[in-house]
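Chemist: What follows is a structure written as structure tokens; I'll ask about it next.
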Amino acid sequence: MLELTDSHAHLDDASFAPDRPAMFERAREAGVRHIVVPAIDRASWPRITALCDAHADAHPAYGMHPIYIDQHRSEHLDELRTWLETHRTVAVGEIGLDYFLPELDVERQREYFQKQLHIARDFDLPVIVHARRAMDEVTSTMRRIGGLRGVVHSFSGSLQQAEQLWSMGFHLGIGGPVTYERAQRLRHIVATMPIERLLLETDAPDQPGACHRGERNEPAFIVEVLQTISQLRGESPESIAQATTHNARQLFQLP
């Protein structure tokens, strides 16, 4: 039986409310043993705590996502420190920079990203990083602060950008986009990258793979990602499942 880890799924999302128990059961039937559930804003933290307390295979991460920068307040940074002191967590996330959406305040994004990186370093926690149209700045910021480890989720950069992350000890989170044949650059990177730097993810409910295009994504669909990577690398699904689950366990200190 495969043992898989979904390193990034927003299972507190309202789209899962009608069938969340069944969704967890489908994940278990597919071989998913661990799911990391990152936060997006302060309001999501209690939801994620309750969800992960109720499901032993779900593991919480807390942080503030750049897309919701208008909702974040400076006091939330202090509250994040307190929350991490008093709640079980496996990472600080989802944090990062998003320069794809022009309406988002760039300077505020930078401020919250940098301060959350410092919090992660202070707590010796890995980071779960969002980097859209901002890969070089994300990498340089993390290198400047130093003492960090983690994953850039839904990686979509170049080989050179990937190599910079690997040199810093970071992982790449690979999900649904790799299943599309048009994603040639990403497929080439995944086919040849160091297996010890690879994590599987879904980003559920978003970014479904080609076989589930237009559907709500969910952790069980990670099998399509696994099968695609197996074909690209010419390696067995079992070996990739074993390696990526080992990577996730090491990074997030999972049981």
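Glycine is no exception: its Cβ is also placed from the backbone N, Cα and C atoms.
Sharing the record's features from TrEMBL:
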BINDING   H8, H10, E94, D203  divalent metal cation 1 binding site
BINDING   H130, H153  divalent metal cation 2 binding site
Chemist: Quick check for the class: what is the C-alpha distance, in angstrom and rounded, between E94 (divalent metal cation 1 binding site) and H153 (divalent metal cation 2 binding site)?
Modeler: 9
Chemist: Most Cβ neighbours within 10 Å: which of the binding-site residues E94, D203 is it?
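Modeler: That would be E94, with the highest Cβ count within 10 Å.
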Chemist: Are there any residues at least 6 positions away along the chain from H130 (divalent metal cation 2 binding site) with a Cβ closer than 8 Å to its Cβ? List them or say none.
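Modeler: In sequence order, the residues whose Cβ lies under 8 Å from that of H130 (divalent metal cation 2 binding site) (at least 6 apart) are H65, P66, I67, E94, I95, G96, L97, D98, H153, S154.
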Chemist: Just name the winner among H8, H10, H153 (the binding-site residues) by count of other CB atoms within 10 A of its CB.
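Modeler: Buried the deepest by this measure is H8.
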Chemist: Where does H10 (divalent metal cation 1 binding site) sit by DSSP, helix, strand or coil?
Modeler: coil
